[in-house]
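Feature list (source: Swiss-Prot):
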- 22-33: compositional bias 'Low complexity' (COMPBIAS)
- Lys5: N6,N6,N6-trimethyllysine (MOD_RES)
- Lys10: N6-acetyllysine (MOD_RES)
- Lys15: N6,N6-dimethyllysine (MOD_RES)
- Lys19: N6-methyllysine (MOD_RES)
- Lys24: N6-acetyllysine (MOD_RES)
- Lys28: N6-methyllysine (MOD_RES)
- Lys28: N6-acetyllysine (MOD_RES)
- Lys37: N6-acetyllysine (MOD_RES)
- Lys65: N6-acetyllysine (MOD_RES)
- Lys80: N6,N6-dimethyllysine (MOD_RES)
- Lys80: N6,N6,N6-trimethyllysine (MOD_RES)
- Lys80: N6-methyllysine (MOD_RES)
- 1-41: region 'Disordered' (REGION)
Amino acid sequence: MARTKQTARKSTGGKAPRKQLATKAARKSAPAAGGVKKPHRYKPGTVALREIRRYQKSTELLIRKLPFQRLVREIAQDFKTDLRFQSSAIGALQEAAEAYLVSLFEDTNLAAIHAKRVTIQPKDIALARRLRGERS
C-alpha cells in the first residue's frame, strides 16, 4: 500500500456542548436586547495617577480627626491614665504623624522602584526604616 500525505482536518468528534442554564442564557441575551450601556471605566492606573496628583497638590490632613484623637488617647492610656490634651496638641501630633508617614511612603516607593517594581511591599518599608536608622 502506498503512503499518502495526511492533511489536517477539523475534528467533528468529542463532547457535545452542554446546554446553558436558563439564567445564564437570559443574562447573555438581556444586554443585547435591552441595550443597557456599560458604565465607563478608566484604564488601570489612570485613577491612581489622578489621585496622586490631587493629594500632592493639597495640604489638608488625610487622616480623620476623631479617629486619630481616639488612637492618641488610647496609646496615652498605656503611659498614664487621666491625661488631658489640648486640641492644638492633638493637631500638632496629627501633622507630625502624617508628615512622617508621607516621608516613609516616599522612601518605600524608592525602595520598590530600586527593586524594579511598582508595588510597595512590607520589605520595602522595613528597608526604608532600616536605612533611616529606625528600629523595626
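Cβ coordinates come from backbone N, Cα and C, glycine included.
Features as recorded by Swiss-Prot, highlighted on the structure.
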| residue | record | CB count, 10 Å |
| --- | --- | --- |
| Lys5 | N6,N6,N6-trimethyllysine | 4 |
| Lys37 | N6-acetyllysine | 7 |
| Lys65 | N6-acetyllysine | 12 |
| Lys80 | N6,N6-dimethyllysine | 7 |
Coarse DSSP state, helix versus strand versus coil, of Lys65 (N6-acetyllysine): helix
Using Cα positions only, nearest of the modified residues to Lys65 (N6-acetyllysine) (Lys5, Lys37, Lys80): Lys80
Distance [Cα-Cα, Å, rounded] between Lys5 (N6,N6,N6-trimethyllysine) and Lys37 (N6-acetyllysine): 52
Whole-number Å value for how far Lys37 (N6-acetyllysine) lies from Lys80 (N6,N6-dimethyllysine) (Cα to Cα): 59
